């Protein structure tokens, strides 16, 4: 047997409107998706609670439901209304009581004095690897917005606004998904609740005009991707004449040789196997030229060495990072007869005979004797 709307809200059939509203608040809060994330059962119950409330809070729909049942409502456009809100007014009042003041109500609408433009904005600036590391001068072209003086930033002819017909001055509209109604900012007035009856001819209803400008900027040493540099008083111009700031967001390119990690530089450097065995002072490239690395005898493949203060200067201080050199030992891929003979003699001089070194042979003998004992 199908559960009734009264049972869903846990009320009796003779409940008055205030009782229905209180019951809805309780059940909606209990099963709201924000409090039951990922719970499909709670989501389904929340939909039923909204469905029940939309019927029982409406005298006409409730009377039809009480007399003919749920099926009688389907043909009459259940879940919708001529105003397009589908019970939105009551839903907004209810949700405001436990999700913040003014949810879905006119108290959330913006003031017509609000700016149509933000005071600050961001522009991206691409730099080469070296420009970011060592700093540079860059000329930046940008576009900024200036609040329209003709309409005082309203976008309306002579600055005159009328109540938005879409949201009736609320600044929000109800959007239904099934039996659930959500509040969203009115797309026609952007939440102000008012709009122009006739657009300003100067700004075409935007409330602002755009202008182009350029500025030369000194990029400091050590900037990196994601960092922002503030340029004072180069932002948008607001109604009261104050001007915001422009933020320049750095996008630094990578390098084919060096890898940067904050203020440290990494490089993989090839070393011939004889250099690794014998040890040697070698020259390695750095971001400033080259430096000497004293390679110890018996250096291992992948071993890392630190060249202090050969990295990037910190953008906020005078500290300089390090360069980390990771060696990659290289072996010859082809040998002539003379080289082959020399290597064979070298191999024999280390006691390698019949393809096995004396130490390896001794180890095998120890293992064999262990099994015999």
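Backbone N, Cα and C atoms are what each Cβ position is placed from, and that goes for glycine too.
Annotation comment: Swiss-Prot describes 4-69 as domain 'J'. Annotation source Swiss-Prot lists zinc finger at 135-212, citing sequence analysis. For 148-155, 164-171, 186-193, 200-207, the entry in Swiss-Prot reads repeat 'CXXCXGXG motif'. If you look up Swiss-Prot, you'll see 148, 151, 200, 203 marked as Zn(2+) 1 binding site, on the strength of sequence analysis. The Zn(2+) 2 binding site annotation in Swiss-Prot covers 164, 167, 186, 189 and rests on sequence analysis.
Sequence features, as recorded in Swiss-Prot, placed on the structure.
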| residue | record | contacts (Cβ under 8 Å, 6+ apart) |
| --- | --- | --- |
| 148 | Zn(2+) 1 binding site | 154, 155, 200, 202, 203, 206, 207, 208, 209 |
| 151 | Zn(2+) 1 binding site | 157, 158, 159, 196, 200, 202, 203, 207 |
| 164 | Zn(2+) 2 binding site | 171, 186, 188, 189, 192, 193, 194, 195 |
| 167 | Zn(2+) 2 binding site | 173, 186, 188, 189, 193 |
Surrounding residues of the repeat 'CXXCXGXG motif' (200-207) on its own chain - C-beta under 8 Å, 6+ positions past either end: 116-117, 147-148, 150-151, 153-157
Listed in sequence order, residues not in 148, 151, 200, 203 with Cβ within 8 Å of the centre of the Zn(2+) 1 site Cβ atoms: 149, 150, 152, 153, 154, 155, 156, 199, 201, 202, 204, 205, 206, 207, 208, 209
Secondary structure composition of the domain 'J' (4-69) [DSSP: H/G/I, E/B, coil]: 50 helix, 0 strand, 16 coil
Residue 186 (Zn(2+) 2 binding site) CB neighbourhood, other CB atoms within 10 A: 22
Per-state residue totals over the zinc finger (135-212) - DSSP helix, strand, coil: 3 helix, 37 strand, 38 coil
